[in-house]
Amino acid sequence: HGLKQGSGAPGLKGRCPTGFRYHPGSTHLNQMISSLPASGKLRDILRSHYSANACLLPLCQLHGAAVTTVEGIGSTKTRIHPVQERIAKAHGSQCGFCTPGMVMSTYALLRNKPQPTMDDITEALAGNLCRCTGYRPIVEGCRTFCQEANCCQANGSLCPCLDGEKPQLFDKLDLLPLDPTQELIFPPELILMADTSPQTLTFHGERVSWVSPVSLEELIQLKAKHPKAPLVMGNTNIGPDMKFKGILHPLIISPTRVKELWLMCFLSAGVWVGAGCSLSELHSVLKKLVPQFPEEKTEVFRALNRQLGNLGSVQIRNVASLGGNIVSAYPNSDLNPILAVGNCKVSVISRGRREVPLNQDFFVGFGKVILQPEEIVVSVFIPFSRKGEFVQALRHAPRKEASFATVTAGMRVMFSESSRVVQDISIYYGGMGPTTVSAAKTCQAIIRRPWDDETLGQAYDILLEELALPPSAPGGKVEFRRSLTLSLLFKFYLEVLHKLKAMVPEKIQPLPREIQPVLPLLHQPVSKDQGNHDAVGRPMMHRSAISQATGEAVYCDDLPKIEGELFLVVVTSSRAHAKITGLDVSEALQLPGVVDVITTKDIPGKKVRTFCGYDEELLAESEVSCIGQMICAVVADTKAHAKRGAAAVKISYEDLPDPIFTIEEAVEKSSYFEPRRLLQRGDVTEAFKTVDKVYEGEIRIGGQEHFYMETQSMLVVPVGEEMEFNVYISTQWPTLIQDAVAETLNISSNRVTCHVKRVGGAFGGKVTRTSVLASITSVAAWKTNRAVRCVLERGEDMVITGGRHPTLGKYKVGFMNDGKIVAADIQFFANSGNTVDESPLVAEKMVLHMDNAYNIPNLRGRGAACKTNLPSNTAFRGFGVPQSLLIVENMINDVAMVLGCPIQEVNMYRGPSTTHYKFEFNPENLLRCWEEGKRRSDYSARRAAIEQFNQQNRWKKRGISIIPIKYGIAFSDGFLNQAAALVHIYKDGSVLVSHGGTEIGQGVHTKMQQVASRELHIPPSKIYISETSTNTVPNTCPSAASFGTDANGMAVKDACQILYQRLEPIRKKNPKGTWESWAKEAFMEKISLSATGFYKGPDLYLDWDKMEGQPYAYYTYGVSCSEVELDCLTGDYRTLRTDIVMDIGKSVNPSVDVGQIEGAFTQGLGLYTLEELKFSPFGLLYTRGPSQYKIPAVCDMPLQLNIYLLPDSENPYAIYSSKGIGEPALFLGSSVFFAIKDAVAAARSDSGLKGPFSLNSPATPERACLASASPFTQKVPASKPGSFKPWALDI
């Protein structure tokens, strides 16, 4: 944040979402560092330019380094860089908040390797997160730099760019060339600095001093004098501890300029590596050493290389040091088990020097090693391996890249020559206790015995007993972790057998990882008669993509600091259900910089926000009902001072009995938010008596964090007179914020103007929750009469704002032997959290969508919003539909497994149809999508190939699934479907459009530009959209429900048609005139060049008493087919291919719509297979950042992703015959869930298990592995529920 404040560079996005060590932190914080190594010689540099995370890099450490941010490589004011251009033109920027980081990761790679491979690209992007795009367009934009991409036939197959079927979404030929000679040179100042004698550097802050010595002797003296002072090299451990855990180190020693810590020494027995070497440098050195020696000598080197490729991300490995990694002594360390089995050792120095072996005795406790506080690790010895010795590194993590490991292992076995009798063996595990642990007893049972099934079979039992985790062990996943110890040993066993040239029944190959070059084809080309000025239907780049790629795009927190501005930090409850017995702010008010503490007593107007008929306190006064509920807020002159003030607020509680956390507890105690909803058609009870079979089942779907890249952000500015306020905010609904602030301050709405330039992602999470935060911030601005900024950190945001509702679905289904479902009774229970928010509406939508694509004649659905003591959940893309449809599809899947045959087609709507709420529709396009999906995916042939693959492989299985969706578009409350717009034509012919939609990455401004272009018959370049504000378009509705383009597009169209009609006399008088001349002439003729447009929207409703109505304007249809490959031993999987067919009518902008489909699908893939929210038994959210909560990354992309838009589709109910597309495709991510379930079923079949089985969502590796029921998982005894207190609740 220091760099950002000092430079004013908006490209350095300031909200790092990271939690702890190693994680890539954030895509939007990447920068390139150029520096000399400690030796000071340019020729010694392994990598003179490298990417790093700004949030982890202390400013003090950048002395002698050049920092290049995204603004430094190109801008619209000078010239844009090819990296910026290609990501933008490939449509790789939606909300744009992550784009600068993507650009800088790629730029740093190209500076070191101008012609990278695809592996280089994916490795460089692995440390970056994006919540909007699904990564495909980013990867395709970067692929254009690859050497192999320059030749269409390079991979031996037909490149999609040669497919003559349809034009592409972007033109590769229309790109700036990359010219390395035009890049910034290595800074000459740094080379000159290297020739001067280095001096000890000392920096003094308000509470911390930083010392950077230049010699080893000085370092030893400093450490002896200050033994508790930490040594900081990469700051990947100490930095997060200080930032997120509040740990204070008065003195920090940074030995980055001590040459001895960087030296490498090669001996006949191995290599000494300086402890200060970064992990990237170690990786590079080992890769260079491996080919120089016989294979038998480099076993340890290669094992380390395997782990280094997966440890953290490039940005982390570039700064994290080898010595720091070792002495951090994390229990799930990736490197320490390998270093231990490899007989490595460290050289440490204080007053004397000694060598200490890295073995079981070195690691003495969590984060603790045997070294004395004053001792310094100078170097690490990595020995050569010997003949007959085999070493392997193994790991399993929740995500394939940039993720802490669940379990890691280092294994080494030694055989005497020409023998399979084990001479020596060493096995170490990480993640199986508070330290790296040795399986010494297991090793003893293997030594001097032959390397065969019998020996290993006995070893497994000993290993289970030796590494016994208690069922409530920190981190949870106890059964899975214990089974992994066995599975990883088995993998090592097979690998060694293979190297011994023994007959191996199945060599376990790694999962495929090469991303195929697939560009979506534009299946809806515009008519040849369409004029060039008319942009509708063309794949037009997001209107802000270039600005987003150059870092010039301004987000809420990029607004310059205002004179006297204050920062607000909220103080939240640490109890889930308690009375507040005391609130003491005296200590906070005495701290430097703290101006005031805002409590509920300070609110001059309404102290609550009312949602769905229930009042929610802005700030809790007497009682709290969840951990994370806001109690008061501290305002101070800086964020650091506000955080210290918040930490000093003292709150005392009296716990209340029986908090409710789970759905089952809520149901048992009838804890609901009313109304509960019921929809029914037919006589369900009677129908069950007529069927051949009845089956009952259930499935649980976990919650999901929005994880928008830009956290909740706002700036409230008092204008200074007549109680007027300007609110600059990141929200989907400016009018709601205006209303909330006005009511809270007890002023009229015309005194509050809400401005939204753009939003860095929202997904439903920036509506109601944002209004509460804005209300609190406005009180602070009103009380202090100063501008107040509030920007939540990632952990705060996740705790306070809630997410998608965890849901329990129960169903009873009656069906005939031919698969036809006659009756279904489904119950939906949503965990709403502590306040109502929009939960009853979410439950309603679950019930409304429970038919999906299926015509079930007797259908009953009940939806309930359960009140619990967790943080309140809120709207999230799909609004209950992703949970509802997964439950329905799981029911369909269970019936298919009972019968042993697919049943989807036999139950689909056909011909003129009526839904369960008596709405008539035609499912023709749904069936067309289904048939097209089967054809495009070659479903039948691949199903047969998968069955053959599964017969030939015991430990790897493949699965395939095809899933349909029917998604209702628009708000079922009709008044929310209206929209308005204001369009100005200026005298020079330029056009300014304002409308009620907010740009949240979905491209609504781009589409509005296209609409205006068509209606005014001018090119889009003449049209500008500045922001969304309540003083230009009043009384707007939220940008939500996939209805933003439908509503606002019609309003903009209306305004433009009015203006074009007004210009008709001018045009008739001068038909050959230019647009500019017409505009000027109209002004001279006193014709108004400003118009408002309005769209009433459809009058939608549902009568819940009569169980009938029209809640939706129309349906968007789609089908997704996905194939996965599953490692049954670890539960790891890879999505090999996904084909999606979507009916989106006639697309207004195919590139934007395809981006929405891919982004929604990827978010769904995260929901159903990856993202897990974990709560403690006391209701505290454990997963408060990207180190604990995993959203999809580049490594989670399907290796082949094909998007097809259904041709020849009409939709008379939306603008230009288009369809809403923001939400529907999210559920299609479930095709990966059901493909995993299909693969698991194949694995279970090998263990003799048939028929339906339980697999809850998300289908994480843990769940997939345990459900696969391999012999290793079956060896692990299950803990009896109720006999222990679990580490985490099952929410």
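Yeah, the Cβs are placed from backbone N, Cα and C, and that goes for glycine too.
No curator has checked TrEMBL annotations; they are predicted automatically.
According to TrEMBL, the protein carries these features:
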ACT_SITE  Glu1223  active site, proton acceptor
BINDING   Cys55  [2Fe-2S] cluster 1 binding site
BINDING   Cys95, Cys98, Cys130, Cys132  [2Fe-2S] cluster 2 binding site
BINDING   231-238, 321-325, Asp334, Arg395  FAD binding site
BINDING   Gln732, Phe763, Arg877, Ala1041  Mo-molybdopterin binding site
BINDING   Phe879  substrate binding site
DOMAIN    203-387  domain 'FAD-binding PCMH-type'
The one of Phe763, Phe879 whose CB sees the fewest other CB atoms within 10 Å, among these binding-site residues: Phe879
CB contacts for Gly323 (FAD binding site) [other CB atoms within 10 A, all chains]: 23
Of Asn237, Ser321, Phe763, Arg877, i.e. the binding-site residues, those within 10 Å of Cys132 ([2Fe-2S] cluster 2 binding site) when Cα atoms are compared: Phe763
Inter-residue Cα distance where the pair is Gly323 (FAD binding site) and Ala1041 (Mo-molybdopterin binding site), in Å: 52
Averaged pLDDT, computed only over the residues in the domain 'FAD-binding PCMH-type' (203-387): 94
Close recorded positions near Arg877 (Mo-molybdopterin binding site), where close means Cα within 10 Å, chosen from Cys55, Asn235, Asn237, Asn325, Glu1223: Glu1223
Cα distance (Å, whole number) from Cys98 ([2Fe-2S] cluster 2 binding site) to Leu231 (FAD binding site): 31
Shortest C-alpha distance to Cys130 ([2Fe-2S] cluster 2 binding site) - which of the binding-site residues Met233, Asn235, Gln732: Gln732
Under 8 Å by Cβ from Gln732 (Mo-molybdopterin binding site), counting only residues of that chain that are 6 or more apart: Val759, Ala762, Gly764, Lys766, Val767, Thr770, Thr998, Ile1000, Pro1038, Ser1039, Ala1040
Binding-site residues (Cys55, Cys130, Ala1041), the one with most neighbouring Cβ atoms at 10 Å: Cys130
Listed in sequence order, residues not in Gln732, Phe763, Arg877, Ala1041 with Cβ within 8 Å of the centre of the Mo-molybdopterin site Cβ atoms: Ala762, Gly764, Gly765, Val767, Ala875, Phe876, Phe879, Ile1000, Pro1038, Ser1039, Ala1040, Gly1222, Glu1223
Pairwise C-alpha maximum, in angstrom, for the residues (Gln732, Phe763, Arg877, Ala1041) that bind Mo-molybdopterin according to the record: 12
For Asn325 (FAD binding site), the one of Cys55, Cys95, Cys98, Phe763 that lies nearest, given that the binding-site residues are compared by Cα: Cys55
Shortest C-alpha distance to the residue listed as 'substrate binding site' - which of the binding-site residues Cys95, Cys98, Asn237, Phe763: Phe763
From recorded positions Cys55, Cys95, Cys98, Phe763, Glu1223, the one whose Cα lies nearest Asn237 (FAD binding site): Cys55
Number of other Cβ atoms within 10 Å of the Cβ of Asn325 (FAD binding site) across all protein chains: 30
Cβ contacts of Asn235 (FAD binding site) (under 8 Å, same chain, 6 or more positions away): Leu56, Leu57, Pro58, Gln61, Val319
Cα-proximity to Phe763 (Mo-molybdopterin binding site), 10 Å cut-off, over recorded positions Cys98, Ser321, Glu1223: Glu1223
Between Cys98 ([2Fe-2S] cluster 2 binding site) and Cys55 ([2Fe-2S] cluster 1 binding site), the C-alpha gap once rounded to whole angstrom: 14
For Met233 (FAD binding site), the one of Cys55, Cys95, Glu1223 that lies nearest, given that the recorded positions are compared by Cα: Cys55
